[in-house]
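Remarks on the structure that follows.
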Amino acid sequence: MRVLGVDPGSRFMGFGVVEEKRGRLVHVGHGVIKGDPALPLSDRLRDLHGALTAALVKYRPAAVAVEGVFTFRNARSALVLGHARGVALLAAAQAGLPVFEYAPAKVKKAVGAGGADGKDAVARMVRTFLELDASVLERADASDALAVALCHLNHGRAAVPAASASGKKRKGAAALLADRLAPAYRRPEAR
């Protein structure tokens, strides 16, 4: 299954595409769509919509996963983010794709980062899961979007047994994520 994850924003909208293929998580692509802050918001949203639609056509995902809104102290920032999320939801709906939304805390948890962990921890875990070099993910927007896609691949498959004491082989995205997490949590001297 191929999933396009979206980290919405009106200035920088990250997208990341991950596919579960023959028991492996494969990085298909990612990018950051830049909105011109000099443009009126309506024009910026139009441009974001066009670029995200182009990504949907290029990568042909089976589903779109969008990060939800978190609590803001600034109401204006929350409204603008809501508009950017609306653009992502609209582009997916126009493409006829199912859309799934995940809270930021759930996304962090899905990749093994905790609530207090920052974007660097999320990026590090995404690189671990997808076996990417540090130089590949330049912006947090792209790594956050890949984390949202990983969250979707893991969500709903948690019922798959992670591993048994008998050593039976694990299956599904949840097991793949667990396998990739194990080395990341080893102490440096144990690596």
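Note: Cβ is positioned from N, Cα and C throughout, glycine not excepted.
As recorded in Swiss-Prot:
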- Asp7: active site (ACT_SITE)
- Glu67: active site (ACT_SITE)
- Asp141: active site (ACT_SITE)
- Asp7, Asp141: Mg(2+) 1 binding site (BINDING)
- Glu67: Mg(2+) 2 binding site (BINDING)
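Structural mapping of features recorded in Swiss-Prot.
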residue: Asp7; record: active site; Cβ neighbours (10 Å): 27
residue: Glu67; record: active site; Cβ neighbours (10 Å): 25
residue: Asp141; record: active site; Cβ neighbours (10 Å): 25
Cα separation, Asp7 (active site) to Glu67 (active site) (Å, whole number): 6
Separation of alpha carbons, Asp7 (active site) and Asp141 (active site) (Å): 6
